[in-house]
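According to Swiss-Prot, the protein carries these features:
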| type | residues | note |
| --- | --- | --- |
| ACT_SITE | 156 | active site |
| ACT_SITE | 299 | active site |
| ACT_SITE | 326 | active site |
| DISULFID | 153-203 | disulfide bond |
| DISULFID | 187-237 | disulfide bond |
| DISULFID | 293-347 | disulfide bond |
| CARBOHYD | 250 | N-linked glycosylation site |
| SIGNAL | 1-24 | signal peptide |
């Protein structure tokens, strides 16, 4: 029996795929690196048990257990393919490894709608780009709240919206306040002017620009602690206007130009961004720079910075990257963050970028 091992190391536990050939049939195992000197090779069933324990997975029946096990094995194969297509990142087992692609899209993504601007949106003015720094990160400047978790609710758009307004409010007032996604989930039903019937609809998806339009019309957002997140929709709107703490003065869409995106990021704070999340289901860390990735947008995230030292296997050189704040909790990715290559609009990351300004009072 021949074992072909490919080991990927990270600071914490990571997962490495091992392809084993037995009588001409290929099976997929995973090596879990617990100790670099004493690695233990586990069968996929044993690893599924560890996966359930690590992420607190409980299934209601033996049938559900075996169904999820089959999905888990399929996702191991998918993660292997992602590793080959995206070698500068690390792909493997995540909390989403027992979900089908359709379940993942429905429960953890949620951007929908077209690209026509709401009536109160503008095209962002062209900014000078001659002296942009090589690296920039709003996390080091106090404009980014801790990573949040949308749960099994397609409300990513609301987290992207609040993240951008949290940063803008910080720039306007010097105060970092965590804002309420649940207010958007419950109260925002603004519609995309390009696509009839495509409206912000809680856990069933929405669009950041529509949410900015709602926030502008409503007067602003409450604190998260005053209107806490539940990860469910269908409830009544509990907006208390006397508790609004952050308001939008204007918002605009940035052109598909990475220097302009960087300039707007530096001047205006974290930016609301849409992306294709195909590679994010299996992402563990590193700089994601896939050879091929659709630009069909399906996930709302927050652009908080960029770096200059991510190695790209495709380009065989250091490649600059965007730093993305996600809304799947700190156990996903690099403590809740995602790095993706700059330079080619990979996964559509440059296609729909919005900046918002907050009022000073």
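Note that Cβ sites are derived from N, Cα and C of the backbone, with glycine treated the same way.
Mapped onto this structure are the features recorded in Swiss-Prot.
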residue : record         : contacts (Cβ under 8 Å, 6+ apart)
153     : disulfide bond : 107, 110, 185, 202, 203, 231, 232, 233
156     : active site    : 108, 109, 110, 111, 150, 299, 300, 301, 327
187     : disulfide bond : 214, 218, 237, 238, 239
293     : disulfide bond : 276, 278, 279, 346, 347, 348
326     : active site    : 147, 280, 301, 302, 332, 333, 336, 337, 338
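Around the Cβ of residue 203 (disulfide bond), a 10 Å sphere holds 20 further Cβ atoms from the protein chains shown. Residue with the densest Cβ environment among the disulfide-bonded residues 237, 347: 347, by other Cβ atoms within 10 Å.
Look at residue 250 (N-linked glycosylation site): DSSP puts it in a strand. For residue 250 (N-linked glycosylation site), the Cβ neighbour count at a 10 Å cut-off comes to 15, with all displayed protein chains included. If you draw a 10 Å sphere around the CB of residue 299 (active site), it holds 26 other CB atoms from the protein chains shown.
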